[in-house]
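Undergrad: Straight out of TrEMBL:
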type	residues	note
TRANSMEM	A:25-48	transmembrane segment
TRANSMEM	A:79-97	transmembrane segment
TRANSMEM	A:109-128	transmembrane segment
TRANSMEM	A:134-154	transmembrane segment
TRANSMEM	A:161-183	transmembrane segment
TRANSMEM	A:213-232	transmembrane segment
TRANSMEM	A:252-279	transmembrane segment
TRANSMEM	A:291-308	transmembrane segment
TRANSMEM	A:320-340	transmembrane segment
Amino acid sequence: MSPSDYLYLGRPTGPIYLRVRAKGLWVGMLLALAALMLAGLALGAGALELSHAQVWQALLGEGPARLGAVVREWRLPRVVMALVVGGALGMSGAIFQSLIRNPLGSPDVIGFNTGAYTGALVTIILLQGSYFEIATGALVGGLAAALLVYLLAYRRGIQGFRLIIVGIAISAMLAAFNTWLMISASLESAMTAALWGAGSLNGITWDKALPSALFSLVAMVLTLLLGRRMALLEMGDDSASALGVPAERTRLQLMSLGVVLTAAATAAAGPISFIALAAPQIAQRLSRSHGTALLCAFWVGALLLLLADYCAQHLFAPRQLPVGIVTVSIGGLYLVWLLFRQSRLASS
Amino acid sequence: MTPARLSLAQPVPDEATPYHTEPATVRLRGQHLRLGYGDRVICPQLDVRIPDGSFTVIVGPNGCGKSTLLRSLCRLITPQAGQVYLDGKQIRDYPARTVAQQLGLLPQSATAPDGISVLDLVSRGRYPHQSLLRQWSPQDEIAVQTAMQATGVADLAGRAVDELSGGQRQRVWVAMALAQETPLLLLDEPTTYLDIAHQIELLELFRHLNRHNGRTLIAVLHDLNHACRYATHLIAMREGRIVAEGAPGKVVTADMVQQVFGLPCLVMADPVSHTPMVIPRGKVHMA
Ligand SMILES: Nc1ncnc2c1ncn2[C@@H]1O[C@H](COP(=O)(O)OP(=O)(O)OP(=O)(O)O)[C@@H](O)[C@H]1O
Ligand SMILES: [Mg+2]
């Protein structure tokens, strides 16, 4: 790596002057391109096969009204939400892995997903809630669990390891409670709950997607603004503070944004595992540069979830799988590979 | 705000504590500090003044509170009582960024993010001078290059920090602190891990920064002879208290070393620098 590996944007004396690692930027752009191409493919695929030209026409509002409805009202929200939810999960994974300084860090560490499941179960089983009520229940449950873990782990500041331990303990307790809820539920409720728990983008519409997408986008912009501080925090609190980054406050802000991103994703699609875990790692391996980490994690997450959802829809067509099952399966393989590699590294 | 030269002229009126050298201006000082972690008190009562333009060196046994004092001076820890003042104003009242433009720190232990390159790490020292839209500037470029040249890590620019030797890594961290270009610089054991030649080279660099760039340096050193040779102001600590303070030629005596470190020794003039030189007798001979 040499200075020529940097790209300079703006003018040295102008109001805007940025320096970024060229490789990170290129990787980010290639990932974005790949995701958009896959999105185009996904819009054309299904029981009603459409050509690229037809998809394009439908997106522009031309061509037959029936095709327009299929593309714009059915397929587009699903593809957009796959990108947004995947990207949100990728970014929130990047946040947690950076804060905890561990490749196994993810929003799960602070108990969010288990808490969200508890919230959803309570709404489904005890209150027989609707789609929006289930989403709200999941949000409340997830946020409550995350807050509880944070408060229990707080002792003159937050420390990664303590967070993990407390997170595991709370998650285990909640998981036991979830099992008990499932056992005591009626068969029908239990089916609904299990379906929600698998994580799925089936039947998503603009109405259901919009609130979650808006929340995600706002949180993403805020996260990107905090990106440089996040990178500095990785050097330890002392170094970061000495450079003018208020460590504890920044950590709390980042953690809140990570939780909001996960919450928005979970509200839209239920708990989807693996993306938050793998996306930042893959992004890091591809770009090998700091500073574009968040952006690359976003695009890897978006690409992964879109790909997984594509497989979930078309692999066993006409039968549709919940996308969460696809990500769990790939995630299992990924975890095995990660552990294998780490143990090999440790023994070499 | 300009770092004034060390002057022995008039004493500061508002302090009653006697000092060997009474500087005209003191930008950084701590008053009635009680420092500790949680319930544990490390320094029960401490008054410290860093003379402007000085190369202040803090010495003392392991665990006596040197790092704790340093960390309180750049507000990494909040004093349980008392205050740290920067330019007469409580340091906690400044925005974090303003402090970071005035006060740099080389922590005793810092972690480099996985796989980060030397150039990227040193560049991070410029953060307090940058903003969201102006994340880089020609001054940043100059400061980073100068700092890397001065610490001899320019050739390592493209290497990953976690693949360097301990001494190379230490010099990279020093380069980052130098790139921050602060008038006041706190260094916690900057010479650990370095071979003797690099230790001297770095201390000479600090002396140069101190004398010719007017920077005020505050360093923790374990080598008393280095401290005597390079410090213009020495602070000796023991169990959270300042035991002796002043020009090394005045304060370093066999009694002082015995009192601070419990080490019997001989103090004679360093034949090269004519500053005090401490030669341990070793406890065996005293039994
Ligand atoms: N984060 C912490 N929490 C609790 N106690 C601490 C913490 N950091 C340091 N201490 C305690 O404070 C005391 C002073 O520590 P400090 O790091 O200031 O010593 P030091 O003089 O820098 O020692 P050394 O020469 O070994 O670096 C020690 O007894 C240490 O155990
Ligand atoms: Mg120390």
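Don't overthink the numbers, they just go from 1 along the chain as shown.
Using the three backbone atoms N, Cα and C, a Cβ is placed for every residue, glycine included.
Automatic prediction, not curation, is the source of TrEMBL annotations.
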Undergrad: For the transmembrane segment (A:109-128) and the transmembrane segment (A:320-340), check the count of CB pairs under 8 Å (sequence separation 6 or more) and say whether it reaches 3 or more.
TA: no
Undergrad: When only pairs 6 or more apart in sequence are counted, do the transmembrane segment (A:79-97) and the transmembrane segment (A:252-279) reach 3 or more Cβ pairs under 8 Å?
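TA: Yes, these stretches are in contact.
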Undergrad: Does the transmembrane segment (A:25-48) come close to the transmembrane segment (A:291-308), meaning at least 3 CB pairs under 8 Å for residues 6 or more apart?
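TA: Between the transmembrane segment (A:25-48) and the transmembrane segment (A:291-308), which are separate recorded stretches, there is contact, as judged by 3 or more close Cβ pairs.
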Undergrad: By a Cβ-Cβ criterion of under 8 Å, what residues six or more beyond either terminus of the transmembrane segment (A:161-183) are in contact with it?
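TA: For the transmembrane segment (A:161-183), the sequence-distant neighbours (Cβ-Cβ under 8 Å, at least 6 residues beyond its ends) are 100, 102, 105, 108-111, 114-115, 117-118, 121-122, 125, 145, 148-150, 152-153, 155, 190, 193-194.
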Undergrad: Who are the chain neighbours of the transmembrane segment (A:252-279) in space, where the CB to CB distance is under 8 Å and they lie at least 6 residues beyond its ends?
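TA: Beyond its ends, the transmembrane segment (A:252-279) has Cβ neighbours at 81, 84-86, 88-96, 98-99, 104, 106-108, 110, 112-113, 116-117, 120, 135-136, 138-139, 142-143, 146, 150, 158, 196-201, 204, 208-209, 211-213, 215-216, 219-220, 222-223, 226, 229-230, 233, 297-298, 300-301, 304-305, 322-324, 327-328, 330-331, 334-335.
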Undergrad: Short question: which residues 6 or more past the ends of the transmembrane segment (A:320-340) have a Cβ under 8 Å from it?
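TA: Those are 82, 103-104, 195, 197-202, 269-275, 277-278, 281, 304-305, 308-309, 311-313, in sequence order.
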